[in-house]
């Protein structure tokens with residue numbers, strides 16, 4: 001089976017974007033500049049990149065991007081940098097995402113001015129106002145629109161809905177198989193396409209001789225209790241081969257409709 005994929009349309013639309021590049025050793029400053037240039041049309045205002053280390057020592061990169069206009073993309077490869085593909089998510093709480101990125105960084109780079117989320121009525125930050133928690137429908141809608149593979153889809157559910165993931169994993173696996181069906185490998189004919197070679201006479205004969213046409217004396221003795229010696233079995237088989245060969249020749253000669261082959265006299269028809 002090939003790696004899973006889907007013809008489902010990827011979609012991301014948000015002014016706050018959270019990117020995670022797994023197993024990416026890229027320098028945060030270089031990554032920031034490359035991502036900044038990708039979103040110039042949406043007027044970037046702030047970007048933060050941080051390099052972190054996994055427990056196994058491999059490096060990964062987190063990035064928080066804020067733009068004046070919502071980034072609108074339908075290409076899941078839009079944010080790829082130097083061959084590294086990120087997980088793309090909407091940053092629902094920029095303050096929390098920023099705190100998460102800065103928890104244990106090995107290297108950090110920022111550009112622009114961070115825009116903390118404010119309450120539209122009270123003008124207070126996230127730390128002062130309790131944010132409205134997104135519903136499960138909203139979370140799943142965001143996961144479906146942003147995931148690009150079966151593994152990424154299940155990983156995002158495990159992160160966002162850990163209890164549901166642990167108790168309803170079989171249902172999520174079912175939906176993952178529907179969203180990202182396995183691509184069937186194209187059949188490759190092991191035989192060459194040309195007619196003479198396609199017959200594979202050598203291979204067929206190698207199978208026919210021992211399985212169809214050949215009867216060993218030993219096998220014949222097992223089927224004929226009255227045959228006691230190997231010589232008798234060989235003699236019987238030779239006799240049967242001779243008789244059957246003559247019978248086949250006789251049948252071929254009788255099957256002909258040619259009067260010349262049957263050596264019949266051509267009689268003259270009645271005179272007019």
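A Cβ is built for glycine as well, from the same backbone N, Cα and C atoms used for every other residue.
The domain 'CRESS-DNA virus Rep endonuclease' annotation in Swiss-Prot covers 11-114, and the record cites sequence analysis as its basis.
Mapped onto DSSP classes, the motif 'RCR-1' (18-21) shows 0 helix, 4 strand, 0 coil. Annotated motif 'RCR-1' per Swiss-Prot: 18-21, in sequence order, evidence recorded as sequence analysis.
Per-residue confidence over the motif 'RCR-3' (100-103) averages out at a pLDDT of 91. Sequence annotations record features per position, and here Swiss-Prot assigns motif 'RCR-3' to 100-103 based on sequence analysis.
The region 'Disordered' feature in Swiss-Prot is assigned to 245-272.
Annotation comment: Swiss-Prot describes 254-265 as compositional bias 'Polar residues'.
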Long-range Cβ contacts under 8 Å made by the motif 'RCR-3' (100-103), restricted to residues 6 or more beyond its ends, are 48, 50, 62-64
When the motif 'RCR-3' (100-103) is classified with DSSP, how many of its residues are helical, how many are strand and how many are coil?
-> 2 helix, 0 strand, 2 coil
DSSP composition of the domain 'CRESS-DNA virus Rep endonuclease' (11-114), residue counts helix/strand/coil, works out to 22 helix, 47 strand, 35 coil
